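J.: Here it is, the structure, as structure tokens.
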């Protein structure tokens, strides 16, 4: 019973998703609320402030645990490493408030969708629902499942049949009203924060402007039994039928059920190329509609925020779509939510800073009790005692400390903006200072966005024929290959201009054919105006065919790596299928006898030269009627094809690529390529760009999943590159027994398929590969994100640079994602560069390092300032005294505040150093710096405090004012100054005037200037201090002003600063003490604590090594003579025979750390012989 009770009190929200939350049920107790309110009043608002920062404490104080079904308050906790808490109130929605009558019959469902959670959430006959709102998403309590479930979307359990038949005719007015109340408005609303909050959340105005127009779209829907109705998009609900009649910015996510359309998805992908959407097929089975389409379900979905630029009715009426998701459940809503609720940063700087502040606070508490003891011993009134104790308590923690940590980021952000790099997450700038691995997309990032046609390699008789070169200027000669190039694409004619994917565009241009305007020429060719008609252009090769009509299109997707079309040649009664895609993928769908036997060698011949290679294929369909084409399944179309040949395209490196990669390499920053392109092409680009340095070896890792009786396997192939002749480069697979190491560096290269198999079956082997993995080709968007996460698990600080297309997930996952796209998708990336090349990467790293060093410098300065003040104030407290108001004011405002505002404005050093700045506040150099400087200042201040008491002219002014008046002539040569003190005969305990404060203040002020100077280190991460003109002028002025006050004999200065005149020789002694302190502190900081070579020597002598996972693996692998493996195959097994095994696939963290044997360099061994 107890276990059942605990289960009822707790549940998971969004199980298995990125935003998974634990939910705990609580019931508010009135007595507890009254007690908390009384405590809040008694603590003058301190308790509410604590509850604001600790919402869990507020729930625990006001409520008692109960089942989720009875709870009126919920406590939510994230399931990630941060374990953050949120408090949410449960509220009720009453359907009785609706204008239309709602049935209270418990047997009759309120909505027609049998899968909908709404039917299971409404309590009858009360007609109410229990709801919560979490991060803009609404959840309702499901009484059947006993859990909170998301509303504002159609359930994934709906089949294709359900979507067509349940929603195909539209919703009734009654059901619309119910859904509007339960799901809320279809609006993405971002409130503009008040001015004081804008200091923290600067992007709210931009986000508001971004989504404002989304809520004001006029749309047409079908209402069941009523026909068409126009309404504002905010009134849309899941299940509505949307009519698409022309161009429109989609206000919701919708499933296309009739007709097709062309959409610009730049908002999502970052790539402004038209994407063709096809209707969801009619299926009679009960399989969920997403499962039916596997990974390619997106081809049926119109996403919110994208723009419909062309509609193609099917002939049965207008283009129709079923509203799938509304509001913040949509793709655009999810994008906005990712900005409003970003993934928290696990950066050690911030946790260390908190620990440091706790230490300073503890020091303040010690001072508090010290002050209490001293003042109570001298029987000072309690009120004065409490005041003085609280002053010492607050001295150690400077109030500007949190702001000081961010000011370096603010300056860095301004400098980045001047370089056209924009940032929406300034906290990540400091993190950029720790980046030691940068991943790059290839196409559009390392290489030029556009492709140039190089040639075609047709096939005939199972052999490749002579290359047709485009350098001649002639179009491709007519044939099936030319027909495939002319028709197998997703290009559209929009306002007289052909638009689409740059690769498709280049391929089509190579044929010299043209796309006809379907609205004017469809009748001429006897086709529907929704079909694309292609005709020969004036420069096209002579062709017996006057036109090609594209009847059906199966769009390209990165997961399928192919696209195909069904077309008809004018005058031919048969239909043709044309396919294009990745060569390896296309060959798989072709009849084996049509694929040339030397296909792998020919493909490798071009890919190793860095060419982009596309394969084409076709077949003839023998069908009776045109209507049969509309019901064809992709699996049937894409089978038994005839291989046509290869299309070769050049993809040149950007001119900035090679210098930037060289700069990163010299800075010891790893570079990795993650691309969707061919593996051999990626290897060649990596070598040409010197991402793989000359002389380094490349090992291709090819992994295959288990098949029949064969377990999963991984094969290691050593690639050797030779140049037999000028202008030609060939690649051979070495099958000898030599090791890849041979004293040279080695790099692993693999495809997305191999990565997936390694992740599932060889997870324990994955870290060994990743520490030297450089090329990852044919990677899907999901695999890119997964790879970034695996690098992070090895304690790499990962940067990701991509052009936005298919990179959005990886850009968000990385510590520093840099988008080179200006599309709206880039708002999900922390950084966006307006210049579309990778020069932005070193700029960002330099500024990140400068900001990080600045943050450390300001933090150290403020820490030392607190300690310096604490020591001086404690000494004066010993005799019940305090520094004067103007003395504090000069140090606080004129020096400390100005230092905090200007110390971080020093620009980044123009060259990246070959090492990173310290990333931890709790590191030996920094702790020693604070400790030693604290010792130096304590020694000097205590010595000065005691030594002044030994002077023959000293007297305890705070006790005996007569001694000051009697000996005043000894302290100054200025007669006016001497007279000014004759009237000051009122001396009381706790006053400011004393020889101790007059002595200590100049020393403390000089000490503040000293630490500001020595903590403002320039090279190697920042420019020299003198280049920061304002800061240099400020320090010089502060030092000069202190010297002037110290040696001046002006009565107004002494009266205002509350000093006592002293002998000139004593003032010289004070100055010498301060100068000595400066010299010692500077030598220790610059010569010892900042001496990198000295620290490396100490680490070597005492055996200190980095605890980062990738460093540990590097050391292990360096000692392993059998690593890296080459030219052999390893198999997964049961773990008893030292085979690689991953029993923790579902939970990678649970993989056992066992011993793994790589074996020698023998050739492939059959796994049965090992058993």
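Including glycine, each Cβ sits where the backbone N, Cα and C put it.
TrEMBL annotations: computationally assigned, not manually curated.
Sharing the feature lines straight out of TrEMBL:
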DOMAIN    17-142  domain 'P5B-type ATPase N-terminal'
TRANSMEM  31-53  transmembrane segment
DOMAIN    168-203  domain 'Cation-transporting P-type ATPase N-terminal'
DOMAIN    217-339  domain 'P-type ATPase A'
TRANSMEM  356-377  transmembrane segment
TRANSMEM  389-412  transmembrane segment
TRANSMEM  858-880  transmembrane segment
TRANSMEM  926-948  transmembrane segment
TRANSMEM  999-1016  transmembrane segment
TRANSMEM  1028-1048  transmembrane segment
TRANSMEM  1068-1089  transmembrane segment
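How about a rundown of where these features are and what they're close to?
T.: Taking Cβ pairs closer than 8 Å, the transmembrane segment (31-53) reaches residues 61-64 in its own chain, all 6 or more past its ends.
Taken together, the residues of the domain 'Cation-transporting P-type ATPase N-terminal' (168-203) have an average pLDDT of 72.
Away from its own ends, the transmembrane segment (926-948) comes close to residues 856, 860, 863-864, 867-868, 871-872, 875, 918, 920, 954, 995-996, 999-1000, 1003-1004, 1007, 1011, 1066, 1070, 1073-1074, 1076-1077, 1080-1081, 1084-1085, 1089 of its chain (Cβ-Cβ under 8 Å, at least six residues beyond either end).
Non-local neighbours of the transmembrane segment (1028-1048) in the same chain are 890, 894-895, 898-899, 902-903, 905-907, 1002, 1005-1006, 1008-1009, 1012-1013, 1016, 1057, 1059, 1064, 1067, 1070-1071; each lies 6+ residues outside the stretch with a CB under 8 Å from one of its CB atoms.
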J.: Of the stretches 356-377, 389-412, 1068-1089, which racks up the most C-beta pairs under 8 Å with the transmembrane segment (858-880)?
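T.: Per the Cβ count, the answer is 389-412.
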J.: Could you break down the residues of the domain 'P5B-type ATPase N-terminal' (17-142) into DSSP helix, strand and coil, giving a count for each?
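T.: In the domain 'P5B-type ATPase N-terminal' (17-142), the DSSP-based counts are 36 helix, 40 strand, 50 coil.
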